[in-house]
């Protein structure tokens, strides 16, 4: 029975990751606006995901422990292109693509580089959440930011860590475990903030 529950957690996590950014994409496309969304937050999130993915590939973790990251990264890239389009900054996409492509290559030039990047990964990812929070606090308006997308992100943080540790008996470095916990807390915080400002807007 335990294995069945873990299998459900496993497949549900992948299913959630496959559609995690879709509510946000639909909100932006339907509104024709990226109001409330922070480009800086999304860029930092992408950087964190890329470092985390590169780290697990470099050290030979099982495919099941990071398969969801390419899916999320692809969705983030599409969302970034939409945001840049609505902000009138589409030309910057080529610059960002070059930076991320170069970063992917440079991360594994030396072992100490990927290790250092992983040490900083939690701070980078946490910064992405804090930048989005700051954007919400500054404008006091959730705009087109999707609470569903952020709540799905919180779910994946909780389920990914629980599932892979229990199902595969993998010993994650302490920094990886701290990352899961930190991202879970911050994702919940952002979700609550979006709901708060969304409710405030409706009552005004």
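Here the Cβ of each residue, glycine as well, is placed from N, Cα and C on the backbone.
Note: TrEMBL annotation is automatic and uncurated.
TrEMBL annotations:
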{"type": "TRANSMEM", "residues": "12-29", "note": "transmembrane segment"}
{"type": "TRANSMEM", "residues": "36-57", "note": "transmembrane segment"}
{"type": "TRANSMEM", "residues": "69-87", "note": "transmembrane segment"}
{"type": "TRANSMEM", "residues": "94-110", "note": "transmembrane segment"}
{"type": "TRANSMEM", "residues": "171-195", "note": "transmembrane segment"}
Dominant neighbour of the transmembrane segment (36-57) in 12-29, 69-87, 94-110, by Cβ pairs under 8 Å: 69-87
Contact set, same chain, for the transmembrane segment (94-110): CB under 8 Å, 6 or more residues outside the stretch: 43, 46-47, 50-51, 54-55, 58, 80, 117
